[in-house]
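Read the structure below first, then the notes.
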Amino acid sequence: MPASKPLLIALLGPTASGKTCLALQLAEQLKLSVLNVDSRQLYIGMDVGTAKPTKEQQRRVQHHLIDLRRPDQPITLQEFQAAAQLILAQKLREQNMPFLVGGSGLYLKALTCGLRPPAVPPQPELRKQLGELGQRTCHHLLQAADPTAANRISPADAMRTQRGLEVVYATGKPITTQQGSSPPPWRVLELGLDPHNLRERIGHRTTQLYANGLIEETEHLSHCYDTDLPLLQTIGYGEALKVIQGLLNREQAIALTTRRTQQFAKRQRTWFRRQHHPYWLKGEEPLSEALSLIQAGLR
């Protein structure tokens, strides 16, 4: 890896793979701050359901790109990229190594590969109309307008489905034909976590999310915002909302959240395999393995 450009580290992997724990260890060892690349952790008040780093963890290690907006104020990929690039530029000026951590593949790629997403601002009135149509209809519309995007986006992902339609209706072109790229001014070392016992880890974490107050957090969010809010239909929040509405009991919600999370993790694995080329940390000591790779990358 030529050392002509500064080094950026990215720690990626599917949900529940242990990224937060390893990120804290690496950040403390190397005296780094963390740039969040989890799309739901960008929103204020969505703490339990996104497994956002706790206040104590954020005191231990500085975190950026967390709690940027309220859940009813969507952040586009371009807006995220612009906010992240300001912090990255600051880190590079200070000669601090940027450290990205997260599992939102497209957001990671926007920073590591220099994607240029279309500059289409959110369209609140259109999103309201799409919300009234329902996610099933919206995904069918996206399938007709931009099959490539529809095949990449889960039929349950209302936020990304609406964004895809928003771009089509605003520009007359599919979003997938408008995403150019330009090489970023840094080298990238991608480290990947994908433990063999991921299914068990997902089951344990889902149970823990409910024990930590996911239903109560969802109830609070549903009082603050419309229950049709796309973020309240995402994994965990959607099932917790059904408990509040009397459509599921707690055990059913945990089982459904676990299943949806496992399906999501499978899609994440596919994305990382096709779109990224990380060094997969396979040993029993991921911290020491990661430190060795970082030291080698700095030479």
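Cβ atoms here come from the backbone N, Cα and C positions, even for glycine.
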The annotated region 'Interaction with substrate tRNA' range in Swiss-Prot, which must be one of 38-41, 178-181, 258-261: 38-41
Substrate site shell beyond Thr15, Ala16, Ser17, Gly18, Lys19, Thr20, criterion: Cβ within 8 Å of Cβ centroid: Gly13, Pro14, Cys21, Ala51, Gly103, Leu193, Arg201
Sorted by sequence, non-Gly13, Pro14, Thr15, Ala16, Ser17, Gly18, Lys19, Thr20 residues with Cβ within 8 Å of centre, ATP: Gly103, Leu193, Leu198, Arg201
Segment confidence, the region 'Interaction with substrate tRNA' (38-41), expressed as mean pLDDT: 97
Three-state secondary structure, Pro14 (ATP binding site) (per DSSP): coil
Rounded inter-Cα distance in Å - Ser17 (ATP binding site), Ser104 (site 'Interaction with substrate tRNA'): 13
